[in-house]
Amino acid sequence: MKFTVKRDSLLKVLQKVTGIVPQRTSFEILTSIYIHTLENKIEISSTDLDIAITSSCEADIIQKGDVVINAKRFHLFIKEVFDDIIEMETSESEFVIKTSNGNYKMPLADVEKFPQIPEFSNPPIFTIEPSKLIDYIDRTSFLVSKDEMKPSITGVYFYTDGEKLYIVATDGHRLVELKAKEVQLSGKINAIIPPKSLNHLKRITEEESINIDVYFESNSVGFKINGDFISTKIISGEFPNYKEVIPKDNNKIVLVDRDEFLYALRRISLFSNPANHEVKFIFSDNLINLQASAANIGSGEEKLDAEYNGEQLTIGFNANDFSEIIKRIPSNRLLLKLNNELSATLILPEEDNSEFDIFYIMMPLRLE
Amino acid sequence: MKETKRDRIIMLVDMDAFFASCEQQEKPFLRGKPIAVGGKNIVAACSYEAKAYGVKSGMSTYEALEKCPSLIVVPGDMEKYASTSREIMKMLPDYTSEIEVFSVDEAFLDITETVKFWKNDPFNLAKDLRKRIKGRFGLNASVGISYNKLMAKLASSLAKPNGIKMIRRNNAKNLLENLPVEKLSGIGRKLKKELNALGIVTCGELARFPVTILKKLFGQYGLLLHYMAMGEDNGVVEEVVPKNRAVGHSKTIPGGIEDRNTALIYLFRLSEMVGRRVRKAGMIGKTVSITVRYEDFFTFTKQMTLSYYIESGEEIYRVVKELFMEAGGEHKIRLLGVSLSGLVKASRQIRIKENEKAIRLDRAVDAINDRYGEDTVKRASFELIRVPVRSISNFEKHPDLEL
């Protein structure tokens, strides 16, 4: 194998693929990257067995070949080289890097031992603009559970009902459903994706990327972004039937300015019990009264104008959990649908959105 | 530190030689005699009569008998001390609502607002409380009164045995000047050694020692030490729950059990008891532990910390069941224990799957049991076994037991 490559393009590729290389592992081979030559480019892959990333860049291929070398050292080294073009080749059992500063040699690992990178034979299920997919992930993936006893809710659930794509997540006391109305489907998907994989997807997606193709096959999901490919194992098990818990008879309607509400919650939360950020929301005639107090911390109270004309209702919420939701509501005013102090509250945008529908469910604190 | 508001009046009620006194009270023939509570190996607590011989808690029983050949060693009964303690603590709300139970035998009271009912004299209040404790339980309590918790604690140690001592702000400085640092609550043997090594023996010396150096050596605690040496402490009297505190119950099973399903019923019951006590205290916790002791005294313990807080018996049991799967099953089980720790005082987050009716039912059951006594309402499967209430860990693990 022999090729020359632009230092900057190589570095960009390495930044994408080395993010998942495990620091410590009992499989030595996972600390490596796989370099493969194509017609006029090189393709570099890495995997931690859960996620695999492949990225490529243009190169002048003088002689084709495959090598497996240590990921971290190669990446750190390329960072320290300032030549525009770097030449690399295999010589006997070593990988030789030639720069204007000198020559460097790395041992080769066994290409055969490098894990198989999953490939998808079927066409993509759907294609989406990267900015949109990342936006959907941002509005949902913060709500995954960390409860190891219930693995099925530790991921973001992507599924199709035959017509539309849904993205759902829950942490056990909050839930979000996003229905992507514009996404054209050419197949079915039913996959619980680990949030770690979605974070890596965000990391390798560049602003100039045009489209992401999403593939789904048995136990893996793949994302193709320009020349890059990331695939992930999905979480086994079934996502709970969340439709059951969507409240249907929440008929107390509140409309309130999102930003005013958000800033009020941020202020008042500073005076709440740090264990659960308990804030009392007292809904009365066109008013939301927010109250918090905690021993050794102090207390706070704010009144906010809102549209509401139901009976007075006091509900306790974790203010931080609540803020996390409302800052992700895509509208100037929020719509809250309440029932009572012990049951779920629905949080939605006031205006409909042509691109997607979204709602959040938030459970209250049990006030004594 | 400049005071911007009126000083509070803080009182520490501290039972004298509590464990030993409980034993002497129960068994009159032990009264007036040097006794020690403990086992074959170690003295856990001793009476004032024994202290006069130089017996101390933490001493080996062998050494204690050397110092005091007439020493009577009685086995300890935590359940008894804990229930006596609870009864005593129940009297405290007659004096103020601001109470902090500090350990099994001591409690802080903020009497700033209530002292007016005792002719504005804290001594009157303290005398009344001491008289009532003595009258009802036959036990002596010492009382320290001062302007903060730190100094009230110091005052009570000076009041012992069986006395009342008040430290006013204007005589605090004189008192502290020559007071050895280890007399302050919060300065233990190890810290004393470190301070002594710096040439700091008295609180006066500690107060004058450069704060910057203290901070460098002890971090934030260094700054605290500086203030403590000046008799300053801004801790509030409130029910504080240290992070490692746990609420737990255990049950020794007569004859032992082999059947794992029966063990699960016991565990369910214990979980419910833990949940109930946690709820009663208005707390929630996130670490569940189980203890399984086998016939051969091998003890299996395992814990799991959740990512969210829980308080109900059912939620505790869900984790307990999971933990119990990892316990071996070859031997008969003679003891089972369940505890919840990582406790905080806060309202619980309701989970999505809970239904509103179940929450209301839980509350109703608690209310009935509060009113008519434990177990007035309970689950049907419990009728199969009787598990008396017995608390563990709460007191046994308390690091500050001064007996």
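Just so you know, glycine gets a Cβ as well, placed from its N, Cα and C.
Per TrEMBL, the features are as follows:
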type	residues	note
ACT_SITE	B:GLU106	active site
BINDING	B:ASP14, B:ASP105	Mg(2+) binding site
DOMAIN	B:10-188	domain 'UmuC'
SITE	B:PHE19	site 'Substrate discrimination'
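Between the CA atoms of B:ASP105 (Mg(2+) binding site) and B:PHE19 (site 'Substrate discrimination') there is a gap of 9 Å. Per-residue confidence over the domain 'UmuC' (B:10-188) averages out at a pLDDT of 89.
Neighbour density around each Cβ, counted as other Cβ atoms within 10 Å, peaks among the recorded positions B:ASP14, B:ASP105, B:GLU106 at B:ASP105. DSSP gives B:ASP105 (Mg(2+) binding site) a coil state; it is part of no helix or strand. Taking all protein chains in view, 28 other C-beta atoms sit within 10 angstroms of the C-beta of B:PHE19 (site 'Substrate discrimination'). In the three-state DSSP reading, B:ASP14 (Mg(2+) binding site) counts as strand. In this structure the alpha carbons, written CA, of B:ASP14 (Mg(2+) binding site) and B:GLU106 (active site) are 4 Å apart. Geometry remark: B:GLU106 (active site) versus B:PHE19 (site 'Substrate discrimination'), CA distance 12 Å.
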